[in-house]
Every structure is written in C-alpha cells, then in structure tokens.
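Here is what TrEMBL says about this protein:
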type	residues	note
TRANSMEM	21-39	transmembrane segment
TRANSMEM	45-66	transmembrane segment
TRANSMEM	129-152	transmembrane segment
TRANSMEM	189-217	transmembrane segment
TRANSMEM	268-295	transmembrane segment
TRANSMEM	301-328	transmembrane segment
C-alpha cells in the first residue's frame, strides 16, 4: 500500500504544473466519482472560459472587419486573434475528447504502478524534461502576455483624438454596439475581462502543449524501457530455450502495448498538433509582416514588441517539434537495438523468433499533424520556410 502511495505521489509530482493549468479551465478529467458541487463548479468554469474568450474575440472581429478599413491595420489587429480562435477550437476539442484523455491518463498511471524501480526512474527523468519545457513556455507566455495586454495599453494613458474625444486603449481594439467601452466604469470592466480572456487563452495553450508533451514523453519512456528489454535479452547469461522464449514473449507483448498506446495517442493528439502547426505558421507569417511594416514606419518600440511576440511563437512551435523529435529518437534507438542483438548466442529456433521483433521495431512511432506531417525538428524548419514564403506572398498582395 505504501508503494502505491509513493508511486502516485511521484506521478502527481510530475503533473504539478499541468494539473493546475487544465483544472483552471475545467479541462482536467475526474478519475473518481465526484460530488454534485464539483460537477457544477467544473461546468461553471467551462462557461466562464467560453464567455471570456468570446467576449475577447467577437467584439474584436466586429471592429476589425466592421470598423477598420485599412487592410494593413486589419492584418496587424487580426494576428493575435488567430491564436485566440485556434485555442478556442483546441479547448472545444479537448472537452469533447475528455473521456479519451482520461483513458490515456489511466494507462499512464497503470504503467507507473506496474513499473520496476529502474523503469520508474526513466519515467521520472523524462517527466522532468517535460516539466522544464512547460515551465519555460509558461513563463515566456504569461510574461509576454502581461506586457502586451496590460502594460503597453496602460502606459499610453489617455489619448485625445482630432475631434477632441478622449479615449483609453483597451487590451485589444474592440467595438461594442450597445455602450461606450471608453467611459468609466465600462472601460475598467471591459479591460479586466479582456485581460482574463487573454489569461484563459494562454492557459489553454500551455495546458494543451503540456498535455501533448506529457503523453509524448511517456511514450518515449516506454520505448526506452523496450530498448532496455532487448539489451537484457541480448546480454542475459541464461540462453536456455525457456528463458529466451519468455524474454521474447515479454518484448513482443510490450511492443504491442506501446503500439496500441501510440495509435490512440496519434488519433487524438494529431488534431491538436495540426491546429498548433497551422497557428504557428499563420502567426509567424503575420507577425513577420507586422515587423516589416513597423520597421518602415520607424516605430522602434513596436518592432521590439513584435520581435518578442515572434520569438514566443517560434519557441512554442519549436517546443512541440522538439518533444516530437525526442519520441522519434527513442523509436530509432529501438530499431537500432533490435538489429544489433547478439542473436548468434541463441538456438536457430529462437533466432527465427527474433525476426518478428526486428520487423515490428522498424515501424517508427511518432505523432503527426492530422496524418499529414510528422512532428519533428525537420518539420520546424519546414514551418519556418513556409512562413517566409507566405510572408513574401503577403507583402505582394496587401496594399
């Protein structure tokens, strides 16, 4: 019993950042029956998250497409809201597939409980990599969002328009048809709600990327354990038929288990990965255009802000692709281990049994973006190249 508590404590420690992020937005699944109050609270959180996101997006789109007529300014204002729309879609998908994510988490919990101390060490070490990546991402996202959404608008103070009207900048340019958002207390209320909406959007971004990295790193751990099992088979001193047969049987069963888990992960996570690839490509392209536009206007402060925004976008895409590359590397390690087994130590009958092990190990485990492209560092360079290409098209098409 104490062992189970210790293992569950280690698992909770590995989720110490992801759990509060998803729980804030009501996207953390319940693993035990809960009270009516907890269920109501969860649905209230979901309702509030949708309300804040829509309050941020809808008035902004009304202003961009209904009030603003300059195409360059429209593009400049639209860039951050593409991210908001993508995160809203990801949030909806996450809630819709909540049961599937719960099953994946339960499989991970069972893997931790059934693992040996040596294998749990692998889980802990890899989980720490995911935690550090998520922590760095959260710090960069929230700090840049705080600067862009709060400090910059407030630092502008009151602005007097040519018609002698005084306004104060909101977190994002918005249009409200039924009231004046620049009057007190409307301004303070809308400004606060927009800040909270941005907080929800970036929390969803951190949470979904953290969930993706958690699952991918867990698969990487499973593959490393599989490679260790193959090495143990190759180097074990007991080459009797029964001992070798048992080891091969365990390896095949474990590899089948990893394959089933990876197929389910790819089926669920590929859509989230596809949305994030699309988001990264669009935002990188549009922010790059804004940097060029502000550079031509000699607005140094705006250039610095957009460069910071561009760096954050690239870091998000790089983090996702790096986690995917770790999974590919472990899969390649399994393949290399399978073809370098000391098969000559076994009988010819058992050597033939190793052939299926080598064949299934050649199947590379990876995550994809909607089964279109695999998530890897090579994909990151492709995204950057595509963004530059789209940027050139954008410069030539937008007057």
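Numbering starts at 1 and runs along the chain as it is shown here.
Any Cβ shown, glycine's included, is placed from N, Cα and C.
Among the stretches 21-39, 129-152, 189-217, 301-328, the one making the largest number of Cβ pairs under 8 Å with the transmembrane segment (45-66) is 189-217. Under the criterion of 3 or more C-beta pairs below 8 Å, with sequence separation of 6 or more, the transmembrane segment (301-328) and the transmembrane segment (21-39) do not qualify as touching, having fewer than 3 such pairs.
Sequence-distant contacts of the transmembrane segment (189-217) (same chain, at least 6 residues past either end, Cβ-Cβ under 8 Å): 14-15, 17-18, 21-22, 24-25, 27, 49, 52-53, 55-56, 83-84, 87-88, 90-91, 94, 101, 104, 108, 126-127, 129-130, 133-134, 137-138, 141-142, 145, 149-150, 153, 170-172, 174, 176, 181, 265, 269, 272-273, 276, 316, 319-320, 323-324, 326-327, 367.
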